[in-house]
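> Submitted below is the structure of interest, expressed as C-alpha cells.
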C-alpha cells in the first residue's frame, strides 16, 4: 500500500533472519531498505512454527494511540522480497491497532459478531423451541409456555439482528474477500427468522381451517433456522479462529441442550401415553373391567 511504513522480515537462503524498515512509495516497490517517517529501534525477527514475528520499538510522536495497519506475505526472489498477491486474503489484511491495549478493530468486531450470533441463533432460539415443544404438554403451563416461547424467540431475533448487522459491517471492511457459504446461510437465517417473528402476529386461531398448515410451516421454518444457525456458527469458528475454549464451550452447550431435549421427549411421551390410558379405560382388552374381545353385549348375556 502506497504510503505504508513497512517492517519487513524474511529468512534468507542460508537460514538467517533479516529484518529492516522500508517506506512504500509506489505500487512497484521493491521494498528497499530505508528510514521510516518515525524512529525505529531494537528491530529483530524470529521464525517458528511456520510464523514470522517482528519485534521493534517505535517512537510515535504527535500521533494518537490508534493507528491503521496492513500486513502481507509473499514469495521471495533469491534473498529479496517479491510482489505479493493482491487478491483474496491479501486484500483483507487491514485493520486498526490500539497501541495501548494491543487490540485490533477487526478482532473486536469479529468477536462481537460471533458472540451475538452464538447466543441468539445458537442458544436462545433452541431454548425457545424446547419451551414450546415440551411445556405445552402440561395444562398448568398454559398459556405461560407460549409467552416464554415468544420471549425467547423475540430476544433471539433482536440479538441476532444485531449480530447480523455486525456481519454486514465486517463484510464492508473486507470488500476483497467473501465467505460465500457463511454469507448465504446468514441471509437465509435472517429471512426465515423474520418470517418466524411475523408469525406471532399472523397466527390463525386454533379452530381456523388454515391452522394446521400454519403449524407445519412454523415448525419447519423454526427447526430449519436452528439447524442452519448451528452449521453457520461452526463456519464462523473456522473463519475467526478463536481460542479452542470457545468452540468447546459451545459444543458443551449443544450437548446440554440435546440431553435436556432427549430427557423431556421421553418424559412428555410418558405423560401423554399415561393420560390417554387413564382417559380411555374402556379400551383396555384381555378382560379388564369386565370386557373381552367380544364386547360388552356377550358379557351381558352370560
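Every residue, even glycine, has its Cβ placed from backbone N, Cα and C.
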> Labelled transmembrane segment by TrEMBL, one stretch among 118-141, 214-237. Can you tell me which?
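Spelled out, TrEMBL records transmembrane segment over residues 214-237, not the other listed ranges.
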> Checking feature assignment: region 'Disordered' per TrEMBL, candidates 34-53, 54-73, 74-93. Which range matches?
74-93
> Quick check on the domain 'DOMON' (1-74): DSSP residue counts for helix, strand, coil, in that order please.
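Counting residues per DSSP class in the domain 'DOMON' (1-74), I get 0 helix, 36 strand, 38 coil.
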> Looking at Cβ-Cβ distances, which residues of the chain lie under 8 angstroms from residue 113 (heme b binding site) while being 6 or more apart from it?
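Looking at Cβ-Cβ distances below 8 Å from residue 113 (heme b binding site), excluding near sequence neighbours, one finds 163, 166, 167, 169, 170, 236.
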> In this structure, which of the binding-site residues 149, 182 has the fewest other Cβ atoms within 10 Å of its Cβ?
182
> Are there residues at least six beyond either end of the transmembrane segment (184-202) with Cβ under 8 Å to its Cβ atoms? List them, or say none.
121, 125, 150, 153-154, 156-157, 160-161, 164, 167, 214, 217-218, 221-222, 224-225, 228-229, 231-232, 235
